[in-house]
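Below is one structure, written out as structure tokens; the observations come after it.
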Amino acid sequence: MATPICSISLLNVFLLLFSLEKGYAVEENEATKSYLHVVKVNTLLPTTACNHSSSKVSNSLSLEVVHRRGPCIGIVNQEKGADAPSNMEILLRDQYRVDSIRARLSSRGMFPEKQATLPVQSGASIGAGDYVVTVGLGTPEKEFTLIFDTGSDITWTQCEPCTKTCYKQKEPRLDPSKSTSYKNISCSSALCKLVASEGSQSCSSSTCRYQVQYGDGSYSIGNFATETLTLSSSNVFKNFLFGCGQQNDGLFGGAAGLLGLGRTKLALPSQTAKKYKKLFSYCLPASSSSKGYLSLGGQVSKSVKFTPLSAEFDSTPFYGLDITGLSVGGRKLSIDESAFSAGTVIDSGTVITRLSPTAYSELSSAFQNLMTDYPSTSGYSIFDTCYDFSKYDTVRIPKVGVTFKGGVEMDIDVSGILYPVNGLKRVCLAFAGNDDDSDTSIFGNVQQRTYQVVYDGAKGRVGFAPGGCS
């Protein structure tokens, strides 16, 4: 099936005129090549086979990252087949997570004038993430597949005995009675008070208890304890604080629990700071059928460009950044800086980037202006800019860029610009608008795909480098 001759003609004209206006001495095809992606439409859809190639950061510990609903996960996944969530359910859960992040920010005194509505009744509320790694716990070591999440702090896994309910997972649950390194935290310990920073804390027979609840209704309740964490044979951490979940339920996709990469003392970066100096990075693959990595420590490549962490979020568990501008088709959009004044949380667990309504409106309008040669279709859930590509073999879409404080420019990978929700009949711009300009923006994992994203907690910065997974 051939692409219609008229396709993208308006975009070609716009980009040529834009190049001439700026004084660029380029041919028309060079201009369009610089500011658009030529995409085979079938590459927009996930595949059922796993691409086993992956990369890692040199001079660092690297764990393999896979999507918990993709073919590379290699575990009994309760969300595959008939139980797999629809795109509508995925986006609904994503909105729950966004609402939960804002509620937690409000509870810590940020934007107190905003009404915060939690989708669950108590405890820490934040939706679980999408990507998993495998780590070792206990002595002797047992391997567990955990969702890693920059928006959470407590690391937890399902444990024996399961007192009320537990969900299905591939690996046998951790049995503390069979580990010589397991030890419960007592209620009188100062460590028990740390639990309140992430969830709710209680006591049972002098044992410290934790409870975390997530925006999609999932939860984990159990004993707060220490255990030996093994990331590799030479990366072993004794007395690692974690939650031993005895009552767990939710949509964790067969993963055994969660690995917290947030900013508080309970999170993995702080607990391993002596070795890794609060430095970690990851690359999320272009699709759920490919692999990425999570690296801890190591050397930072010169190709990484850093933007400072926003001081506005220092008292929160989240990594806050400052977006200063957006571009579409190589052209910077005219957006008042006040549209970004509420700050941005970069988050591995939120799927779709949320922007202020002012910024999103400009982004969507500019994108639509350069996509007029393709038939538009109705919106879907949080998306309002969608197209029907079912009659095309290839499409040309304008590049989208995000600029962070310090002039750090990030050209979103093509896999992070469009999101298919109904095959090729409805493919949507993978951004959404907040309700109000005073709502915190969130930089989601779809827009982070293929980049090496570096978190340098010791130096208070986050960095980006393209081609991180290759």
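Glycine residues also receive a Cβ, built from the backbone N, Cα and C atoms like all the rest.
Residues or ranges marked as signal peptide by TrEMBL: 1-25. As annotated by TrEMBL, domain 'Peptidase A1' applies to 131-465. The feature active site is assigned by TrEMBL to D149, D347.
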To the nearest whole angstrom, what is the C-alpha distance linking D149 (active site) and D347 (active site)?
8
Within the domain 'Peptidase A1' (131-465) only, compute the mean pLDDT.
94
Starting from the Cβ of D149 (active site), draw a 10 Å sphere and report how many other Cβ atoms land inside it.
26
To see if you understand the setup: which same-chain residues, six or more apart in sequence, place their Cβ under 8 Å from that of D347 (active site)?
R97, I101, T150, G151, F318, Y319, I442, F443, G444, N445
